[in-house]
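Going by Swiss-Prot, these are the annotated features:
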ACT_SITE  R23  active site, proton donor
BINDING   N87, D103, D107  Mg(2+) 1 binding site
BINDING   D105, D107, D120, E123  Mg(2+) 2 binding site
Amino acid sequence: MEMPREGDYIAIQSYKHNGTLHRNWRDTMVVKTEQNIIIGVNDRTLITEEDGRKWISREPAIVYFHRKLWFNVIAMLRPDGVAYYANLASPFILDREALKYIDYDLDIKVFPDGEKRLLDADEYAMNKKRWHYSEEIDSILRSTSFELLDWIDQKKGPFARKFVQIWYERYNQLRPDLDRSFFKGRENEERKILGT
C-alpha cells in the first residue's frame, strides 16, 4: 500500500502475538512520511481497548513508527513536560484499514525529568510462554531494548530535543482551523518541555 500523505488521517491498530486486536486509535494525523517512517499526531482521539472499552486521550501525542525497527514511540505533551512511552513491537505494516503492528508487551517509559522505567516485564514473560515467542523474537527484542536505551540517552530520533516542537507545530499548520497551539503563549512551559 502507498504511504499516506501529510495531513491524511489514519487509524492505528496494535495486535498481540496471537493475532488478537489489542488497541485501536481512531484518528491520527500524518505529519511526516519517509520511505520507512511515519510520524503522526493524535489529540483527544478515540481509543478502543481489546475488551471494547472506549476512552479519549487526554493530551496531544506525537507518534513515531518505523518499518525496520522493533519499537515505536509515543511522546505525550503534558503540563509538566514531555513523557515518552516506547513500545517494543514489530515493525509496522500499512494496509487500507490501518497502520498495524504487534505489541510485544515490554515498554520503556521516560518521564519528563528523564527517569527511565522498564514496564510490563511480567506480562512479557507470561505471554512469551503462553504464545511461544520464538528465540529469534526474544533475541530481537532484547537487542532492541538496548538500542532503544541508546536512542533515549543520545536523544536520537523521536527523543531529540526539537522533535516534539517541530512535529506539533507542523500538526497545527496542517490544521489551520484550530486557533490554539500547545506551545503558543507557554514559553516557560515550552522550555521545560524541550529541556532548554
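Each residue, glycine too, has its Cβ placed from N, Cα and C.
Taking the centre of the Cβ atoms of D105, D107, D120, E123 as the Mg(2+) 2 site, the nearby residues of that chain (Cβ within 8 Å, site residues left out) are L88, D103, Y104, L106, L119, A121, D122, Y124. Using the Cβ center of N87, D103, D107 for Mg(2+) 1, the list of other same-chain residues with Cβ within 8 Å runs, in sequence order, S14, F71, N72, Y85, A86, L88, A89, Y104, D105, L106, D120. In this view, D105 (Mg(2+) 2 binding site) is surrounded by 23 other Cβ atoms within 10 Å of its Cβ, with every protein chain counted. Each of the binding-site residues D103, D107, D120, E123 was assessed for Cβ neighbours inside 10 Å, and the highest tally belongs to D107.
D105 (Mg(2+) 2 binding site) sits 12 Å from R23 (active site, proton donor), counting Cα to Cα.
Long-range Cβ contacts of N87 (Mg(2+) 1 binding site) within its own chain (separation 6+, distance under 8 Å): S14, F71, N72, V73, I74, D103, Y104, L106, D107. Note: the Cα of D120 (Mg(2+) 2 binding site) and the Cα of the residue listed as 'active site, proton donor' are spaced 16 Å from each other. Reduced to three states, the DSSP call for D120 (Mg(2+) 2 binding site) is coil. Cβ contacts within 10 Å of R23 (active site, proton donor), excluding its own Cβ and spanning all protein chains shown: 14. In this structure the alpha carbons, written CA, of the residue listed as 'active site, proton donor' and E123 (Mg(2+) 2 binding site) are 16 Å apart. DSSP classifies D105 (Mg(2+) 2 binding site) as strand under the three-state reduction.
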